[in-house]
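Copying in the features that Swiss-Prot gives for the protein in this structure:
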ACT_SITE  HIS265  active site, proton acceptor
BINDING   GLY42, GLY43, ASN51, LYS111, SER180, ARG190, TRP266  substrate binding site
DOMAIN    173-271  domain 'AB hydrolase-1'
SITE      SER112  site 'Transition state stabilizer'
Amino acid sequence: MSELNESTTSKFVTINEKGLSNFRIHLNDAGEGEAVIMLHGGGPGAGGWSNYYRNIGPFVKAGYRVILKDAPALNKSDTVVMHEQRGVVYARSVKGMMHVLGIEEAHVVRKSMAGAGALNFALELPERTGKLILMGPGGLGNSLFTAMPMEGIKLLFKLYAEPSLDTLKQMLNVFLFDQSLITDELVQGRWANIQRNPEHLKNFLLSAQKVPLSAWDVSPRLPEIKAKTLVTWGRDDRFVPLDHGLKLVANMPDAQLHVFPRCVHWAQWEHADAFNRLTLDFLANG
């Protein structure tokens, strides 16, 4: 297998869905076999490649077609003000992308805010949903044990409102357990993504005013999700509370939970080898 990189796997598709008319979605596409769509979270500067470049190679080597999709209004995808719950819009964008690419069914890997999109996708399009892998997903309402919004979400909104290198470093400090991993390369790469399209920042805040995060709660519908699901969480997550993982496995008919120690909100990056082994085994045997 030749070495994968961002530029050689990069492409755009144009989708037409409700609220996303003639809308360009950016993705990185590599490999052949069953489709695995990986969807990043909602922090400023987030993108498919930056979130999952430590995972795409092992998944392709294992025989999967891997698609790293940029969410609407993030990274290289077109921008938009969302008038509905973000998870609904995210799910709709996945449906549109799958239609253009000719993919009938896909396994879905989603984290953080995009986790709400995975849950909505599985609810609305169960026949097109393979297995689900969720990492600290949003969209599950309040916590029994933790005041919300948590520290990481507060810093995320601060970075959207006041974009600066200092604010970015503050947010990254609560992304990772091992602070030595916050390198200049990581910071500058994320900062370049933030600066690529300032409209993304403005539109995120406008969208949040129209539909607050507190309105995202698919908990009552969790028992309807029949897909086999692996839920993963960082024990030290400072964005989404760990007890939400228990809520998922208590209410979804076929869900299991794995908690990574010494891990905050980026298991697929901070513990890439362990994450890849766990998730590939789940896809093959779960």
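The backbone N, Cα and C atoms fix where each Cβ goes, glycine too.
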Taking every protein chain shown into account, which of the recorded positions LYS111, ARG190, HIS265 has the largest tally of Cβ atoms within 10 Å of its Cβ?
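Selected residue: LYS111.
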DSSP helix, strand and coil counts for the domain 'AB hydrolase-1' (173-271)?
52 helix, 13 strand, 34 coil
Three-state secondary structure of LYS111 (substrate binding site) from DSSP?
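Once the DSSP labels are grouped into three classes, LYS111 (substrate binding site) ends up as strand.
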Given the recorded positions LYS111, SER112, SER180, which lie within 10 A of the residue listed as 'active site, proton acceptor' by CA-CA distance?
LYS111, SER112
Max Cα-Cα distance in Å among GLY42, GLY43, ASN51, LYS111, SER180, ARG190, TRP266, the residues listed as binding substrate?
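Output for substrate binders GLY42, GLY43, ASN51, LYS111, SER180, ARG190, TRP266: max Cα distance 23 Å.
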So what's the mean pLDDT when you look at the domain 'AB hydrolase-1' (173-271)?
95
List the residues of the same chain that sit at least 6 positions away from ASN51 (substrate binding site) in sequence and have their Cβ under 8 Å from its Cβ, in sequence order, or write 'none'.
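For ASN51 (substrate binding site), the qualifying residues are MET38, HIS40, GLY41, LEU68, LYS111, TRP266, GLN268, TRP269.
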Would you count the other C-beta atoms found within 10 angstroms of the C-beta of GLY42 (substrate binding site) for me?
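Within a 10 Å radius of the Cβ of GLY42 (substrate binding site) lie 26 other Cβ atoms.
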If one measures from the C-alpha of ARG190 (substrate binding site) to the C-alpha of SER112 (site 'Transition state stabilizer'), what distance in angstrom results, rounded to a whole number?
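Distance (Cα to Cα, whole Å): 17 Å.
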Can you check what DSSP calls GLY42 (substrate binding site), collapsed to helix, strand or coil?
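It is coil.
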